[in-house]
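Here is the structure we will look at, set down as structure tokens.
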Amino acid sequence: MSRFGIFGLGLIGSAVAERLIGAGHDLRGFDPDPANMTRLDRLGGNACDAAKVWQSDYVFSCVFDTDQLSALIERAPECRTVLVSLSTCDPDRMQALAETAAARGITLIEAPISGSSRALAKGDVLLLVAGNLRVAQELAPVFDLLSRQHLHVGAIGNGNRAKLAINLVLGLNRAALAEGMVFAEAMGLAPDDFLTMARASAAYSAVMDAKGQMMVDRDFAAQGRIVQSAKDFDLIRAGAVAAGQGLPFTETYLEMMRDAIAQGEGDLDNAAVLLPIARSLPR
């Protein structure tokens, strides 16, 4: 049986660990946070140092951003393994990172996740896979375990290009639902009644199922954090600027997230974009 390793045991990494360990796979992992290491041991994994993680046949990276992925690759020993990056990263840096990894004997595959950590724990996410097709096909059984669907979208970098465009749509859906709920409540409608009506209407989207009740209850326990979404939208904005394309709704959404972060709400769930909207005054 293949040996699996993982770097990064936060929301996403822990969900990956649960899926792999639950299916009977041997998993070793590293995270700088001792609490996350303890959680991996309790799940039945093997919390260990980074060198032992690199001895795995397949290693998953669930680090925060491109800089952390780059540092991970730069510190990697020479080894023959496959590194699967599940994080949302800068697509324009992925080819160079793949070349750096290859110089160490590591094949880099990107498979950013479309879906929350809760959905991932259930295997109900989409993986946007890019890079070497043969290696990606080798990974199909484990991708089947982690996701409801995985799509190979071409050369390295394309996975994150697709992910950023999807995240744009998803984030603006969240913001639209939050603003609609704030508006309905301001007019005297009960938020839970509004959510019921919105779900039955032509405005329905899956975001209402994922985030609607959280907004009604003001329960923002994180499945995906505002600070992570803001990081992704900074990448979206940078990509748009480089392409000479304006994204006016993206700019507004970024303002809302920056307001939330400034108010100490960055570690709340993305549904908490409702809070800066609710604080807004008429213009």
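Just so you know, the numbers here start at 1 and follow the chain as drawn.
Every residue gets a Cβ built from N, Cα and C, even glycine.
Lifted from TrEMBL, the feature list:
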ACT_SITE  K163  active site
DOMAIN    4-154  domain '6-phosphogluconate dehydrogenase NADP-binding'
DOMAIN    157-274  domain '3-hydroxyisobutyrate dehydrogenase-like NAD-binding'
Next item on the list: Provide the three-state DSSP residue tally for the domain '3-hydroxyisobutyrate dehydrogenase-like NAD-binding' (157-274): helix first, then strand, then coil.
Entry: 88 helix, 2 strand, 28 coil
Notebook entry, point to check: Taking the Cβ of K163 (active site) as the centre, how many other Cβ atoms fall within a 10 Å radius?
Noted result: 28
Checklist line | Whole-number mean of pLDDT values that fall within the domain '3-hydroxyisobutyrate dehydrogenase-like NAD-binding' (157-274) | finding: 97
